[in-house]
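Just below is one structure, and these are the notes that go with it.
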Amino acid sequence: MKHLIAPSVLSADFANLQRDVEMINSSEADWFHVDIMDGVFVPNISFGFPVMEAISRHAKKPLDVHLMIVNPDHYIERFAQAGASTITVHYEACPHLHKTIQSIHEAGAKACVALNPHTPVELLSDILTDLDMVLVMSVNPGFGGQKFIPNTLDKIRRLRSLANVLNPGLLIEVDGGVALHNTPALLHAGADVLVAGNSIFGAESPVEMISAMKHLPSTESSSI
Ligand SMILES: O=C(CO)[C@@H](O)[C@H](O)COP(=O)(O)O
C-alpha cells in the first residue's frame, strides 16, 4: 500500500483556517489530522467542537481525530457526529480500552490507539486484532514543532512485526517531528501514515511539500 500523508491542522493559520483546509483539499494529502487537547492529559489546549465542525464542513478528505484528552469515552459519539472518520484515543488515558474501542466502532468510526513515547508497543498485543490503526507518538504529545525521538523507529519495527502476526491489515501512523528527511526511514521501518505539522505548514509551498513526502520511496539510510 502506498503510504498516506495527514497534515496536522494544529500547525495551520487559525485566522485563515478555511484557506488552509482548501490547501489540503487541493493537495495530494490523504487525510486531515485533527488534534484535540484538553489541558489535562497534555499541557496544552487546542480547540473543540466548533472548530472541528468548521473543518469538517469544508474538508473533502477523511478526518483523523487524535484525542489527547482524559475521559475520551464521554466524547466519542460527538466526535463521530462531527465527522471523524478515525478516532484515536491514548492508551495512557483509557483504563477500559477494549470498551472504548467498541464504542468507537459502534459510533461508526475507525479505531486507533496512540502510544506515548515511553509506552511499549507490546502492551497492545491483546487488543491489536480489534484495532484499525496504532499511532506511535514520536514526540511527547501537546505541541507541534518538537524534535523527533529516534527510538520511535525501533518501536515501529517492533509493532510491524507484531502486526504481521496478529493483524496484518493494521495501519501504523507516526506523529511528531516528521519531515522529508526522516520520511524514507519511517516508511522502511513500517509506517503507513505520516502526520506532519510544521514541516508542511512551515514550508515555502505546503502543497509541494506534501507531494514530496507522498512520493519519497522507503529507504533504510535516510537521516532521522
Ligand atoms: O499530536 C501532535 C502533537 O501533540 C502532532 O500532531 C503535532 O501537531 C505534529 O506537529 P509537528 O511535530 O509535525 O510539527
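Using the three backbone atoms N, Cα and C, a Cβ is placed for every residue, glycine included.
As annotated by TrEMBL, substrate binding site applies to SER8, HIS66, GLY142, PHE143, GLY144, GLY145, ASP175, GLY176, GLY177. Around ASP175 (substrate binding site), the C-beta neighbours below 8 angstroms that are at least 6 residues distant in the chain are SER8, HIS33, HIS66, ALA114, LEU135, VAL136, MET137, SER138, VAL139, VAL195.
Annotation source TrEMBL lists divalent metal cation binding site at HIS33, ASP35, HIS66, ASP175.
The number of other Cβ atoms within 10 Å of the Cβ belonging to ASP35 (divalent metal cation binding site), over all protein chains shown, comes to 25. The active site, proton acceptor annotation in TrEMBL covers ASP35.
The DSSP secondary structure for ASP175 (substrate binding site) is strand. Annotated active site, proton donor per TrEMBL: ASP175, in sequence order.
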Those residues of the chain, 6+ apart, with a Cβ under 8 Å from that of GLY142 (substrate binding site): MET37, VAL42, PRO43, ASN44, MET68
Between GLY144 (substrate binding site) and ASP35 (divalent metal cation binding site): CA-CA distance (Å): 10
GLY144 (substrate binding site): secondary structure state under DSSP, collapsed to three categories: coil
